[in-house]
Structure formats: structure tokens, C-alpha cells
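Notes to accompany the following structure.
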Amino acid sequence: MDQKVRQFEVYTQDGSVDRHGNPAIRAKTGKWLTAILILVNQGLATLAFFGVGVNLVLFLTRVMGQDNAEAANNVSKWTGTVYIFSLLGAFLSDSYWGRYKTCAIFQASFVAGLVMLSLCTGAFLLDPSGCGIEEISCKPHSTVKTVLFYLSVYLIALGYGGYQPNIATFGADQFDADDSVEGHSKMAFFSYFYLALNLGSLFSNTVLGYFEDQGKWPLGFWASAGSAFAGLVLFLAGTPKYRHFTPRESPWSRFCQVLVAATRKAKIDVDYEDMNLYDSETQRTGDKKILHTKGFRFLDRAAIVTPDDEAVKVETGSTYDPWRLCSVTQVEEVKCVLRLLPIWLCTILYSVVFTQMASLFVEQGAAMKTNIKSFRIPASSMSSFDILSVAFFIFAYRRFLDPLFARLNKTEPNKGLTELQRMGIGLVIAIMAMISAGIVEIYRLKHKSSVSNSSSLSIFWQVPQYMMIGASEVFMYVGQLEFFNSQAPTGLKSFASALCMASISLGNYVSSLLVSIVMKISARDELPGWIPGNLNKGHLDRFYFLLAGLTAADFVVYLVCAKWYKYIKSEASFSESIAEEEV
């Protein structure tokens, strides 16, 4: 018997398999060896993506001949499309291809789009030679050249969008959550994943952004293509060592089956205190049965066995009709999704604050003193302080803060802050960042120039607001990744990661809508409004304080939702049950 137990312990307990579909051997697959490959891959892919995205609006104006409004609108459409494709990638991964295959296919598309853009730019779009800088615009392009350009950039959006939500989950798959040591590493992985993302964007925002601003577009794009290709090669190099999860049937079919089955039984009389719920005896390796909860009781009807269900089973001679009767676990999966939605909605307003870093923070910085003697500091480069803050706080949290909170926790010893608590802290820091930005704007206006849209206040006064945004990201976005990955049903892990990206996308749209509403209300009776073209004539500080107030209100709602939220409670996995029986 001891020999059987030792043989069983060789394999992972979470149901992961190797590339041949056999149970994954713990010592030969996964863990940090493959996770590091994925982290480097993420950094290289992010470098490549932002190498195009960071200056795409300048490319559209200087090379493609678009005006500022048209270029900004096209960049917004392109960015939004990236997040739409992330939902497509998550669906294909969870339902059909699995995460490894989905990552490989979309990364190949990403590389192809970057190569096409590099070739197209160098061979066709920079006409005359030397154009594409602020002083020299390029000639109008033919329809064919324009189509080639848009085909390449949207192929980049397809590749990066479809790849991004799956790579984070695939990296987490390399650790067995049912093992105490690997389970801790799994949570730490998300922090390092977000760090890799930021370090990749740091290089593209500085070095590549500088070359492209100087008109060296082919060099910047080829560097991005080379980075993406190197990332793909590294990803494929880990193929023999990766752990995988076999994709289930479409999770959306399971979701719809519960809704249909519950609706069909809407008129039956139910005693919710004494229900005989159906719980399927069939279970695949690694699956966990989710325990029944009392919330969303209407959905429980889908798991109640009726005489009609028994009649259908006898008539077919096989199993129950899944569109009439669902297991408790299947019903609870739907409840999990419904419980996640309020938490997710509360993160959208945080994303509104986060997006100011790439818009109003830059405009505010451009209206400040940006010169150190003869050197001019680009206002957009101040985002480097955000990235440095992210790196510092990830290290500080993992090394010092998390162990400190674990020691202070009296109710659950050796356990630090929960994901929901960390997300709440992220919201509080975001409020502080907006207040800081508003105070800086008040002082900027006190030192404003009377003849231009500038101020004698140094741009380095913006450092605290950038640093606080970086700190809030570590608590909010890293906590969000961990929370959605741990709480989402097994078949919707990639979709949960895609939701994190979707909240950023919606944050952009809500921010744009909010700015439009504020300007429509404030720009009347011959007043320029809070955010005019010349910030010295406006009140950007009031907009920042408005965001701080809205985020504070959002924080109150978030506290209610977090208190209401019920964590998933599962029975032991199928593999764990076997181990217990053998012992």
C-alpha cells in the first residue's frame, strides 16, 4: 500500500497532464523552470506590442497623413479591438484548443503582423525617404498600401489580444494548487507576471519610443518583430516540460443548460430548506465538486430531479437530459460567475483612474517645466516612475508586507491579505493618487504662464501621483488576476483573465464618456470648461477631485460587494480522493 501511495505522489494532484495527455509527473514538468520561460516570453511580447502601440498615433499623423482627431479615434478603435480579440482567445482556449495551442497560434499571428508592418513601412509607406518625423510628412498613400497597413496592425491586435489572457493562466497552470509549496508559488507567479509586463513596456516606452519619435520607424518595428519572435521561440522551447489541462466541452453550453433547466422548472413547488439535488457521480481526474450554496436559489431548480426527468432517462435508456437536469456543481459554476460580476464592475472605475496616466497626466506634464538645462523630458516618459513603483511594491509586498500581514492575522494564522482586501487597498491608493494630482494642478496653475500653455512648476512634482498609481496596480490588478483565476470555474479560467483586460478597455470608454460629459456641462456661458486645449484656462484639478470622489463612492459599493461575496467551497479533487482511499 505504501508503494502505491509513493507511486501516486509522483503525479500532480490537480489533474494536469503532459503534452502526451498522460498525468503530469511532478518532478519532470511545470514549476519555476517553465514559469520563467513564460515570464520572459510575456516581457518580450509586451515589449513588441507597446513598441507599436506607444507611438501609433504619431505614425498615423506623420506617416499616414491623418489629423489628430482621426488618429486618436483610430488608435482607440485598435486598442478596443485588442480586448475584443482577448475574449475570442479565451473562448477558443477554454472550449476547444486548450491554452498551449491557443498561445502558440496567436503568438505566430502576432509575429506575422509585426513582420508585415515592418516590411510594409520600410518598402511602401516612408515616401519620400526620410519622412515620418515632425518636420517632414509622407505623401498620400494608395488604397492598396493603406489596406496592407491596416491588415498588419489588426493582425497584431488579433495575435496579442488572443494570446494575452491565456498566457497568464497557462503560467499559473504550471503549479499544482493542491500542493502547499506549489500553491504558494502559483499565487506569487501573478505578481511576477505583472512585473514582466511592466518591464517589457518600460523598454518600449523609452528606447523604442525614442527611435520612432526620431522617424526611425522600420528600426523600431523590426526590433518589435525580433522581440516577439524570440518570445515565441522561448515559449516553444518549453513544450516538453509544460503542464496542460484538457479543454472541456463549451463552458457556455453548460452555463446555458442551467438557465434553460431552471426556467423550465420555474412553476414547480420547491421547498428550499429540504431539496433533493442531483449530483453527478461521474467526475474526471482533477475535477472538484463545488459545494451547494444558498444564494441565487432560483438556479437550484435546475438540479432538482422531477418525474419528467426520470421519464426521459428511462425513455432514452442512458442519462438525464442536460437541458432539463444539471448537477449541483454545474449550477454552482453559474452562481460563481454571477457573484464575480459585481466585483468586476467595481474595478471598471479604477481603470478610469488608471487610464489617466496615459492621457491627462501626460497633458498636465506637457504644461509644466520639462527642461533640465538643454535637455527636454518627454511628458509621456514620466510613466517610467509608475513602472519603477510597480517593481518596488511587488518586491516589497512579497518580501515584507505579506509576511507581516500573515503574522498579524489572528483569525487565520500564517495567511496574509485576501485578494479582495488587496483590491480594496488598491482603490484607496487610487483615490490618494487623484487627490495628489489635483493638488499638483492647483500649484501648477499658481505658477502658470500668462502667454502660453505652460507653467514654471517642475514636471517632477508629478512623481508622487505616478508612484501611487503604480502601488495601486500591484494591489488591484495583481489581486484581480489572482482572485479571478482562483474563483472562476475550471472551464472559464482564461475567460476570467480576459475579464481583467476587458475592465481596462471599458475604463477607457468610460473615461472618454466622462470627459465629454464634464466638458459639455462645464464649457458653457463662454467658459472654456475644465479641460480645454489650454490647461491654464481650465480647472483640471476639479476633474481629478471628481474622479477621487467617484472612486470613493465606488469603494463604498465595493465594500458591500466584497462583504456579500461567498468564496467557492469545493470537496477534495478526484485525485485527492483516490489518495485518501489508498492511504
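Cβ coordinates come from backbone N, Cα and C, glycine included.
Please treat TrEMBL annotations as automatic predictions, because they have not gone through curation.
Taken from TrEMBL, the feature transmembrane segment applies to 32-60 (among others).
Residues or ranges marked as transmembrane segment by TrEMBL: 104-126 (among others). Long-range Cβ contacts of the transmembrane segment (104-126) within its own chain (Cβ-Cβ under 8 Å, at least 6 residues beyond either end) map to 45, 48-49, 52, 63-64, 89, 97, 132, 138, 141, 145, 148-149, 151-163, 166, 217-218, 221-222, 224-225, 228-229, 231-232, 235-236.
TrEMBL lists 146-163 (among others) with the feature transmembrane segment.
If you look at the transmembrane segment (192-211), the same-chain residues 6 or more away from its ends with a CB under 8 A from one of its CBs are 35, 38-40, 42-51, 54-55, 168, 171, 219-220, 223-224, 378, 380-381, 383-384, 386-387, 390-391, 394, 473-474, 477-478, 481. Per TrEMBL, transmembrane segment is recorded for 192-211 (among others).
The transmembrane segment feature in TrEMBL is assigned to 217-238 (among others).
Under 8 Å from some Cβ of the transmembrane segment (340-362) lie the Cβ atoms of residues 379-380, 382-383, 386, 420, 423, 426-427, 430, 433-434, 437, 462, 465-466, 469, 472-473, 476, 480, 483-484, 487-488, 496, 499-500, 503-504, 506-508, 510-511, 514, 531, 540, 543-544, 547, 550-551, 554, 557-558, 561-562, 564-565, all in the same chain and six or more residues away from its ends. Look at TrEMBL and you will find 340-362 (among others) tagged as transmembrane segment.
Look at TrEMBL and you will find 382-401 (among others) tagged as transmembrane segment.
Marked as transmembrane segment by TrEMBL: 422-443 (among others). Through the fold, the transmembrane segment (422-443) approaches residues 343, 346-347, 350, 353-354, 356, 361, 364, 457, 461-462, 464-465, 468-469, 471-480, 483, 540-542, 544-545, 547-548, 551-552, 554-555, 558-559, 562 of its own chain, all at least 6 residues removed from its boundaries and within a Cβ separation under 8 Å.
Summarising the annotation, TrEMBL assigns transmembrane segment to 463-484 (among others).
Panel annotation: around the transmembrane segment (496-523), residues 76, 79-80, 82-83, 86-87, 89-90, 161, 164-166, 168-169, 340, 344, 347-356, 359, 477, 480-481, 484-485, 487-488, 529-532, 539, 543, 546 of the same chain, lying at least six beyond its termini, place a Cβ under 8 Å from a Cβ of the stretch. Annotation comment: TrEMBL describes 496-523 (among others) as transmembrane segment.
Same-chain residues lying 6+ beyond the ends of the transmembrane segment (543-561) with a Cβ under 8 Å from its Cβ atoms: 342-343, 346, 349-350, 352-353, 356, 360, 423-424, 427-428, 430-431, 434-435, 437-438, 441, 515, 518, 530-531. Annotation comment: TrEMBL describes 543-561 (among others) as transmembrane segment.
Beyond the transmembrane segment (146-163), the same-chain residues lying 6 or more positions past its ends with a Cβ under 8 Å from any Cβ of the stretch are 45, 49, 52, 56, 64, 78, 81-86, 88-89, 92, 102-103, 105-114, 116-117, 120-121, 124-125, 501. Within the same chain, residues 66, 70-72, 74-75, 78-79, 107, 110, 114, 117, 132, 153, 156, 160, 163, 167-168, 170-171, 174-175, 185, 189, 192-193, 196-197, 199-201, 203-205, 208-209, 212-213, 217, 220-221, 223-225, 227-228, 230-232, 234-235, 237-238, 241-243, 380 sit at least 6 positions outside the transmembrane segment (32-60) and bring their C-beta atoms closer than 8 Å to a C-beta of that stretch.
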